[in-house]
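Novice: Dumping the structure here so I can ask a few things about it.
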Amino acid sequence: MSTTTAGILFALSLAVALAAVHVPLGDYMYRVYASEKHWRAERVAYRLIGADPAAEQGWGSYARSVLAFSAVSILFLFGLQLLQGRLPLHLNDPATEMTPALAWNTAVSFVTNTNWQAYSGESTQGHLVQMAGLSVQNFVSAAVGMAVAMAFVRGLARRDTGELGNFWVDLIRGSLRILLPLSIIGAIILVSGGVIQNFALHDTVVSTLSGAQQTIPGGPVASQEAIKELGTNGGGFFNANSAHPFENPTTWTNWVEIFLLSCIAFSLPRTFGRMVGSRKQGAAILAVMAVIATLSLSLMMLFQSQAHGTVPTAVGSATEGVEQRFGVADSAVFADLTTLTSTGAVDSFHDSYTSLGGLMTLFNMQLGEVAPGGVGSGLYSMLVLAVITVFVAGLMVGRTPEYLGKKITPREIKLAATYFLVTPLIVLIGTAVAMALPGQRDGMLNTGPHGLSEVLYAFTSAGNNNGSAFAGLSVNTEWYNTALGLAMVFGRFLPIILVLALAGSFARQGRTPESVGTLPTHRPQFVGMVTGVTLILVALTFLPVLALGPLAEGLH
């Protein structure tokens, strides 16, 4: 069997598994968020934080709760990192102490579900910070995204009310009923596949074949690895992330990790369909995600299997930066889905990809990570795209656009349009400023188009809350830690505020009855329209800078 055939079968097996869990997992998440019963542990949590689970929140109150919780989380994680040298289970190397700028960047990164890492995990963060700080944020940052998605869906489903649910209920339920049990199952599977789980510090020293001494780091990796993927977080316990054999030792664990980072995001459209009372609507959103993901994955595997140069031509593919235990095709699947979602974990070196392969990782993020996107964020981003598509279709036929019985008035389209302007502005302004400052250009290890691609990738990853990197850029500087931290904050919370405002606007409306002029939003034509609008929006926005970066490199 050729490696290409094996890679196609690898991808198909993932598609079959995701299709198999789509209905049961989507229905389960619907029951979680629609249930009126509270677990005992949940009631204890409500009392501890002083939340009334029976109280509903309008969009403003919901947004303030999201921002307040996230701000407290950033402060806690920031302080925990700076104090870790005085806490148990810390690393003994004084050189690993965090600077305030790096601690800020890391705290923001994990709270925003980005998991951008400007440090080497195994030599910087102690086990207590990994468990009580980073792993906890892997759970709750994902739960925040899911909560916002549920609030937006309620805005579409409800009528004549300004209430979107209760953030604290959504947050705790998402963490305890969905993410925690699934991550336990995932961790057990990963441990059985060879991922390590221990409390060993840097006290294991072995002799290498050359006679030198080498320190082998350990830690509670499997438990963090499971939620890292499941919550589309992506921050690695080790610097090499999922390319490290302690995090991802075999092809089987590689398959499991790709499945984990995709399963919730691909199942949420089913939850959406159940909540709005039309499973066909959920199926249409899923179809858009599947079409875009299939196109992207096909191109990624094609570009990585056809590389120029003596060695790649002899080997038959681009093997630089690829772990041989996975191979080019399986690594391409991982790279594609980690950038289509907001995960950002890597099992290969994206900076070593072909110019067009690297272009695909950039393009996937610039799509807004909607196919399927991050847990929660992918769904609400796709639904905003659906709103824009309905508006464009309404302009074409001269009718007032409606989506799920809700009219799209000037207020709604302004919010939706602003939503899709935020991230491109963050990415393009950040890249332009970095390229304009001579001191920041010194951090580029490559010149020319690839150097531009590295800077563009950094701000694209931060602004879209992905976290992966073209690692040929020195970003552990005060300027980059601060600038990328701001990009992550604005890229996460400005869209959330706009989405919640849009949800509140929809929730206050009544339901408009369908008429002969209503655009059907559950048919293949609508799937094609949303797909086209998504691709056109990205092409118009980012094509000029992509032409200067990866496209120019590919032509050269």
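Note that Cβ sites are derived from N, Cα and C of the backbone, with glycine treated the same way.
Below are the features listed in Swiss-Prot for this protein:
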TRANSMEM  6-26  transmembrane segment
TRANSMEM  65-85  transmembrane segment
TRANSMEM  133-153  transmembrane segment
TRANSMEM  176-196  transmembrane segment
TRANSMEM  249-269  transmembrane segment
TRANSMEM  283-303  transmembrane segment
TRANSMEM  378-398  transmembrane segment
TRANSMEM  419-439  transmembrane segment
TRANSMEM  483-503  transmembrane segment
TRANSMEM  526-546  transmembrane segment
Novice: Six or more residues out from either end of the transmembrane segment (526-546), which same-chain residues have a Cβ under 8 Å from its Cβ atoms?
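Specialist: The answer is 284, 287-288, 291-292, 359, 362-363, 366-368, 370, 382, 385-386, 388-389, 392-393, 420, 424, 427-428, 431, 452, 456, 519-520.
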Novice: Do any residues, 6 or more residues outside the transmembrane segment (378-398), come within under 8 Å Cβ-to-Cβ of it, and if so which ones?
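Specialist: Contacts with the transmembrane segment (378-398): 148-149, 152-153, 156, 265, 268-269, 272, 285, 288-289, 341-342, 368-372, 408, 412-413, 416-417, 419-420, 495, 499, 502, 517, 519, 521, 526, 529-530, 533-534, 537.
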Novice: Please work out whether the transmembrane segment (283-303) lies in contact with the transmembrane segment (6-26), by counting C-beta pairs under 8 angstroms that are 6 or more apart in sequence and asking whether there are at least 3.
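Specialist: Yes, since the transmembrane segment (283-303) and the transmembrane segment (6-26) share at least 3 Cβ pairs closer than 8 Å, they count as touching.
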Novice: Per the 3+ Cβ pairs under 8 Å rule, pairs at least 6 apart in sequence, do the transmembrane segment (483-503) and the transmembrane segment (249-269) touch?
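Specialist: Contact between the transmembrane segment (483-503) and the transmembrane segment (249-269): absent.
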Novice: Which listed range (6-26, 133-153, 176-196, 249-269) shows the maximal number of Cβ pairs under 8 Å with respect to the transmembrane segment (65-85)?
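Specialist: Answer, by Cβ pair count: 133-153.
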Novice: Grab the same-chain neighbours of the transmembrane segment (6-26) for me: Cβ-Cβ under 8 Å, and only residues 6 or more beyond its ends, written as numbers and ranges.
Specialist: 251, 255, 258-259, 262-264, 266-271, 273-274, 282, 286, 297, 301, 327-330, 332-333
